[in-house]
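TrEMBL annotations:
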ACT_SITE  Glu151  active site, proton donor/acceptor
BINDING   Cys104  substrate binding site
BINDING   His122, His124, His208  Zn(2+) binding site
DOMAIN    29-235  domain 'Class II aldolase/adducin N-terminal'
Amino acid sequence: MATTSSQEPAETQNHDHLIKSTDSQHPANLICTLCEKFYHLGWVAGTGGGTSIRDNDLVYLAPSGVQKELMKPEDIYVLSIAQQKDPKQRVYLRAPPSLKPSQCTPLFMAAFTKRNAGCCIHTHSQWAVLVTLLLETRPLNTNVFEINNIEQIKGFGKGFQKQGNLGYHDTLRIPVIENTPFEEDLTESLEEAMDKYPDTYAVLVRRHGLYVWGETVHKAKTQAESLDYLFQLAVEMKKLGIPWLSDIA
């Protein structure tokens with residue numbers, strides 16, 4: 001596994017104008033609003049999880065180790081994709097003086113650079129974790145979650161650079177990668193999963209949570225909510241002995 005530094009240096013000169021705006025849709029404001037909503041959904045409890053938004057070349061990131069429901073725009077990191085030459089030496093245009101960069105940063109960057117995503121969300125949803133545990137008990141196909149013939153599947157696009165959404169009868173597939181002690185060390189496995197499943201908009205991390213992205217904030221949020229619905233449904237279906245895959249087309 002590739003290893004990146006958990007103590008990524010930031011430029012000493014801050015550009016606070018990058019995170020100051022009265023527009024509620026500005027990335028610095030929107031990340032705080034989203035993280036507060038995700039906290040109340042149980043997705044980012046105990047400082048876990050995070051959100052990042054790309055605005056052209058600029059990437060806005062929630063920091064590490066903060067209560068996500070209490071986050072303020074001044075807590076947000078900002079970097080330029082074009083300025084990133086060495087993933088082990090991340091350069092930030094704007095960095096809060098008393099906080100640390102998120103170890104999720106290289107995983108968010110993978111969604112932005114490999115899928116041209118506009119937003120990437122990382123949750124510690126209990127339903128996501130439970131689905132990976134259920135898959136772990138299977139003798140085969142433990143590394144992909146599959147479900148079909150469920151209406152909520154319509155919330156997902158057909159894949160990168162493809163038009164339209166999945167249909168009711170389509171099979172949604174979400175790859176699963178193994179967890180690591182340090183989050184940044186997940187990057188290589190996540191990128192491999194993206195290559196193996198080029199149409200996926202999400203990757204599950206066993207016993208950990210979920211990364212989900214979309215072309216826009218709206219699409220990323222919609223897919224995150226749809227996945228959490230499907231994961232909860234899948235857990236309940238398992239209790240009742242109902243298979244996730246069916247042939248009713």
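Cβ coordinates come from backbone N, Cα and C, glycine included.
Predicted automatically and left uncurated, TrEMBL annotations should be read as such.
Rounded to a whole number, the distance between the Cα atoms of His122 (Zn(2+) binding site) and Glu151 (active site, proton donor/acceptor) is 24 Å.
If you count neighbouring Cβ atoms within 10 Å for each of the recorded positions Cys104, His124, Glu151, His208, the highest count belongs to Cys104.
Taking the centre of the Cβ atoms of His122, His124, His208 as the Zn(2+) site, the nearby residues of that chain (Cβ within 8 Å, site residues left out) are Gly48, Gly49, Thr123, Ser125, Ala128, Val205, Gly209, Leu210, Tyr211.
His124 (Zn(2+) binding site) and Cys104 (substrate binding site) have their C-alpha atoms 12 Å apart, to the nearest angstrom.
The Cβ of His122 (Zn(2+) binding site) has 27 neighbouring Cβ atoms from other residues within 10 Å, across all protein chains displayed.
The separation of the residue listed as 'substrate binding site' from His122 (Zn(2+) binding site), Cα to Cα, is 8 Å. Mean pLDDT for the domain 'Class II aldolase/adducin N-terminal' (29-235) in this predicted model: 96. When the alpha carbons of His208 (Zn(2+) binding site) and the residue listed as 'substrate binding site' are compared, the span between them is 13 angstrom.
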